[in-house]
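Report on the following structure.
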């Protein structure tokens, strides 16, 4: 209804009612408009529900806007863009702080009590309907930070039954109360996503960093809304945090890194190696991409809750509060992250080993790499060196590379993981750590490529198959590195 300025003549406004959309359970309106929200730094897309049905409050219409300036046409980024669209659809279907108060139990009863008008109480400060303790709870953690301090750190957990069961099994922590929600990123990110520190590459965290997957935890949330039944056979495997235990999921990453180092065990999925120039390359946790540790220097002192390091080689003690992981919504915890190469500011390729389009040009294939569906990341203990006549050249950034691999159980060839270096046609294959160099005579000159010693690996590759109702998705830009000149080795 709309009234005129004089308030005397009132009547319906807008288009007349129609028949609606037949045979549809949900209608999604999609746009690609450069809005004010898109002009905020690194916003990729955002979504909201538009209308709820009357009986069970299920969303029946939603809206998603993809920010045109963030839509990539690079073939290497298609899977990521598709994941972004799925991410926004899930927000509109139910994963939204604005809908938490409308969730139902398995018997069709609201998990949050309703007022006489049939609605939950409204929280004016948050701008959403207030959920009950059956959906979200606030808990306090003991939080280790730099030095001897132990802080009290408040977090919000989504505590619905299936989510709680799934995260207890995933982290191997039977006392875990629920799944932590994001506590940073501002309106649209905070409370509308899983905590990035704990589920880094789960697709419903608040930023895209690498290889997103839709896990059983997200499917459990959708079922716990009371509106859907999940097909868990469609869930994708999430390795981040899997089986790490209660210390990993209930304490700071400082505690995890410190304790793992004390026990001389890997600090993965976190890392503690400062990004340097040249780069020290490593592998992503799943061995499907070349990666770097995103520990870096900030221009400002980090909040006390996120100051984790008592020492970093080469860094003065008074500068330690300036160091942390590059991804703020991961609570500044450093982790290994894939990246992209740029030349004169232009995107060239990413470091995902499984994407054929990432294959470097022959003139830049310093490590005889091969990218594609059958490739994996192998760590190196020394750099490749190319000899030609009196020249010995190497590439300054080394530590890992992408190679086609397969496992050999032991028959004609020795047992091990093999990498056929098909990028160089004169090399049939190498077995890791067995072949050190090969020679090729061409055009009257002698060239020799010295292979690095590959780190021991047990890896076997198999090919994969209201104001706060808006939930937006940001991209944490992949770390960028520039192509460098080869350097002469003396």
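Backbone N, Cα and C atoms are what each Cβ position is placed from, and that goes for glycine too.
The feature active site is assigned by TrEMBL to 88. Residue density at residue 88 (active site): 25 other Cβ atoms are found within 10 A of its Cβ, drawing on all protein chains shown. Secondary structure at residue 88 (active site), as computed by DSSP, is helix.
As annotated by TrEMBL, Zn(2+) binding site applies to 87, 91, 193. Note on residue 87 (Zn(2+) binding site): other Cβ atoms within 10 Å of its Cβ, all shown chains, come to 25.
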